[in-house]
Protein chains: 2
Amino acid sequence: MRMLRSSQADFETAFSRIVRDRRESDVQVGRDVAAIINEVRERGDDALSDYTARFDSHGLSQDVDWQIDLEECRAAYEALDSDLRDALETAAGRIRAYHEGQLPADRDYTDDIGMRLGARWNAVDAAGLYVPGGRAAYPSSLLMNAIPAKVAGVQRLVVTTPTPKGEINPLVLAAAHIAGVNEIWRVGGAQAVAALAYGTKRIAKVDVIAGPGNAWVAEAKRQLYGVVGIDMVAGPSEILVIADANNDPEWIAADLLSQAEHDPTSQSILITDSEALARQVEDAIDLALMKLPTAKTAKASWEAHGLIVVVDDLAEAPALSDRLAAEHVELMVDEPQPLFDAMRHAGSVFMGRHTPEAVGDYIAGPNHVLPTGRRARFASGLSVLDFMKRTSFIDASAAALAAIGPAAVRLAEAEGLPAHALSISTRLK
Amino acid sequence: MRMLRSSQADFETAFSRIVRDRRESDVQVGRDVAAIINEVRERGDDALSDYTARFDSHGLSQDVDWQIDLEECRAAYEALDSDLRDALETAAGRIRAYHEGQLPADRDYTDDIGMRLGARWNAVDAAGLYVPGGRAAYPSSLLMNAIPAKVAGVQRLVVTTPTPKGEINPLVLAAAHIAGVNEIWRVGGAQAVAALAYGTKRIAKVDVIAGPGNAWVAEAKRQLYGVVGIDMVAGPSEILVIADANNDPEWIAADLLSQAEHDPTSQSILITDSEALARQVEDAIDLALMKLPTAKTAKASWEAHGLIVVVDDLAEAPALSDRLAAEHVELMVDEPQPLFDAMRHAGSVFMGRHTPEAVGDYIAGPNHVLPTGRRARFASGLSVLDFMKRTSFIDASAAALAAIGPAAVRLAEAEGLPAHALSISTRLK
């Protein structure tokens with residue numbers, strides 16, 4: 001953990017370095033991923049079978065090995081402890097309600113020259129969701145990715161997930177049942193992403209691929225962007241907590257650790273105008289780490305990337321926050337609105353002392369798939385729009401074409417595109 | 001040009017092959033582009049200067065060589081023939097009006113448990129527009145890219161354009177003046193895209209890069225996606241004309257040629273239920289090509305990629321159209337609405353006999369930057385949203401947290417994320 005004061009002489013240099021530091025994997029996965037994509041494109045299911053045997057240690061020799069039956073998902077759902085089932089249902093219901101409010105309106109109007117203009121939204125036909133295996137197989141992620149697709153109106157929602165040694169988290173299956181997933185394939189890694197993008201004999205291709213994954217999965221999505229739509233390029237995640245003196249240090253410590261426990265590359269940052277709170281939070285983190293089951297990961301993250309910035313006045317915080325453009329920003333003050341109004345770049349903002357970031361991870365309703373690594377400067381969280389596309393339309397009457405056609409002819413001629421001009425002028429005769 | 005009948009035995013095979021054919025450059029530009037990006041990242045303006053001398057044959061030795069003064073844009077605008085100036089102004093005004101209607105509404109509401117939820121849209125701080133040099137330097141493209149950025153609220157709008165031997169199209173400068181561009185840099189190619197993404201000493205970096213370009217520019221945008229936002233991956237463009245018997249073959253021929261004259265890789269497709277119209281259009285194209293100044297390009301495109309599909313019934317057309325997911329679809333019938341209603345995948349649709357595609361290229365209002373190469377299955381045309389991003393927010397009262405916090409704690413514990421659970425439970429004590 002590092003502590004900086006905004007008043008110190010080298011603050012600008014030190015803070016700039018932190019803003020530039022992308023904390024991203026140095027692994028040269030690009031070439032490996034390109035080779036895997038090529039293999040899947042050429043050898044299809046045989047390549048999937050080979051990679052699955054090698055990476056996930058299970059065979060795909062028989063038909064039943066490939067897919068998880070939707071009945072298994074229903075069974076996993078029904079076998080859940082009722083408290084947990086209710087919690088998943090509450091989360092799903094709230095996520096659904098929030099995302100229904102994102103559905104875009106079509107446009108259709110006739111303007112002053114009598115030209116009808118507009119745009120119509122449609123869902124994509126099919127979407128693929130990558131669901132990681134092992135410890136990162138989170139039912140909450142499945143809900144956050146699948147529900148927007150279903151709210152958008154996607155008819156075919158396909159999950160691919162690695163099942164190391166054949167195993168899968170039953171909570172993920174239960175979440176798939178709740179979300180209405182249509183197919184679940186037991187393949188993972190870059191090979192699963194390639195199969196979703198190009199299709200194989202068994203797995204029909206999709207139009208959009210979403211969902212978290214390791215560096216190989218992320219690189220495969222990046223390389224296949226354009227062949228399919230993708231949700232975003234995701235990197236290590238981060239939280240920025242902006243807190244005044246009047247906070248319980250244990251609350252703030254828990255919030256910082258909730259990010260740190262995800263991964264050693266996660267980043268937790270506190271900006272406060274209270275040197276005393278800064279010290280107390282530091283101590284509270286050390287104390288909490290002594291009993292936290294995820295202490296190993298959280299400690300590694302906090303030590304390598306943790307940061308406390310002490311400012312003279314919290315009014316300095318929004319500008320610093322905009323430079324970090326963090327995935328999650330907590331405003332732990334009595335009146336968060338003025339701070340929020342002064343900020344421009346953040347994935348999601350958690351306002352007020354009773355809004356820990358984790359409530360947004362699970363149950364508040366807005367999506368927890370958010371832009372990381374300073375990408376909130378230009379990117380947004382996952383939404384129904386990621387599973388939809390817009391078709392614009394133009395309907396010109398003869399009179400409307402007569403009104404503006406001559407100007408278009410002039411422009412086409414000036415650009416040296418005579419067939420463009422002709423297609424209009426021939427209708428103006 | 002190829003003619004198919006939907007009734008012929010091998011139609012499905014032949015049509016599938018056309019749907020799969022991406023018509024994209026085989027040039028292995030990936031490695032070259034990666035090297036250029038790396039050079040610009042490491043050597044900054046020196047690299048830009050070297051590449052500009054090599055590719056564009058002009059020096060960047062003095063400060064005045066780098067930028068085009070905005071006063072030059074004003075002068076170019078004022079020197080325009082008044083008809084052409086009026087045409088550009090009419091186009092700009094209509095494009096602006098259409099895109100203003102795209103501005104998204106913020107959300108801010110309090111739900112039934114007393115939790116305030118919402119989302120706020122902001123423009124990105126800075127956007128870069130690539131403007132090709134030479135014959136593809138179209139003022140209409142500048143308007144279509146720049147106006148949505150300005151309507152979105154982008155404060156710093158930066159154009160980069162190659163100026164081979166120092167030359168630039170004055171129409172482009174005039175369009176930049178109308179659109180309110182803030183900076184124009186005389187650099188092009190992948191090196192310009194790299195400079196926009198990473199920044200150099202002279203050129204401050206941007207958040208989003210839009211605009212058309214050659215294969216190197218497109219590949220640079222693809223490689224830098226994630227470092228910055230990009231508008232889309234663009235490929236060769238296409239038009240699909242769906243026409244009944246009751247059409248003037250010269251109109252349809254002009255429409256098909258207006259796409260073909262762009263580039264030898266462009267594709268023009270006619271679907272009609274009239275064998276007679278098909279023949280007449282074929283003849284009209286041959287005739288038009290005899291006098292068209294752009295005949296060389298148009299002929300190459302039509303011969304290599306032109307296609308006429310004769311169907312028994314136009315009701316077959318929407319399904320074929322959806323498989324092509326064409327950038328532009330013209331519905332040349334008296335009642336286009338039922339056909340439009342039956343379609344799902346298209347970049348933009350031109351409805352009725354008096355709506356040639358070219359009217360949309362210049363002046364109707366909707367954007368002419370549209371998804372190509374079947375990407376309308378998942379992508380949309382350029383819009384103000386490409387220059388904006390959304391920040392979601394959550395504001396929980398103590399009571400709201402008490403209502404749903406316990407369910408979130410349960411989920412966090414089930415996912416093995418105890419600090420997540422703690423950040424909520426510590427507030428519920």
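Yeah, the Cβs are placed from backbone N, Cα and C, and that goes for glycine too.
The structure displayed is predicted, hence computed values, not measured ones.
Around the Cβ of B:Tyr130 (NAD(+) binding site), the number of neighbouring Cβ atoms within 10 Å comes to 28. When secondary structure is read from DSSP and collapsed to three states, B:Tyr130 (NAD(+) binding site) falls in the strand class. Residues or ranges marked as NAD(+) binding site by TrEMBL: B:Tyr130, B:Gln191, B:Asn214.
Residue density at B:Glu415 (substrate binding site): 21 other Cβ atoms are found within 10 A of its Cβ, drawing on all protein chains shown. Summarising the annotation, TrEMBL assigns substrate binding site to B:Ser237, B:Gln259, B:His262, B:His328, B:Asp361, B:Glu415, B:His420.
TrEMBL lists B:Gln259, B:His262, B:Asp361, B:His420 with the feature Zn(2+) binding site. Following the DSSP three-state reduction, the secondary structure of B:Gln259 (substrate binding site) is helix.
The annotation active site, proton acceptor is assigned in TrEMBL to B:Glu327 (among others). In the three-state DSSP assignment, the secondary structure recorded for B:Glu327 (active site, proton acceptor) is coil. Its own atom aside, the Cβ of B:Glu327 (active site, proton acceptor) has 29 Cβ atoms within 10 angstroms in the protein chains shown.
Residues near B:His328 (substrate binding site) in space but far in sequence (CB under 8 A, at least 6 apart, same chain), listed by position: B:Ser237, B:Glu238, B:Ile239, B:Leu240, B:Gln259, B:Ala346, B:Gly347, B:Ser348, B:Phe350, B:Glu357, B:Gly360, B:Leu370. The feature active site, proton acceptor is assigned by TrEMBL to B:His328 (among others).
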Candidate with the highest Cβ count within 10 Å, taken from the binding-site residues B:Gln191, B:Asn214, B:Gln259: B:Gln259
For NAD(+), whose listed binding residues are B:Tyr130, B:Gln191, B:Asn214, the greatest C-alpha pairwise distance in Å: 13
C-beta crowding around B:Asp361 (substrate binding site), within 10 angstroms: 27
The one of B:His262, B:His420 whose CB sees the fewest other CB atoms within 10 Å, among these binding-site residues: B:His262
Interface-proximal binding-site residues, chain A, C-beta separation under 8 A, candidates B:Tyr130, B:His328, B:Glu415: B:Glu415
Mapped DSSP class for B:Gln191 (NAD(+) binding site), helix or strand or coil: helix
Between B:His420 (substrate binding site) and B:Glu327 (active site, proton acceptor), the C-alpha gap once rounded to whole angstrom: 46
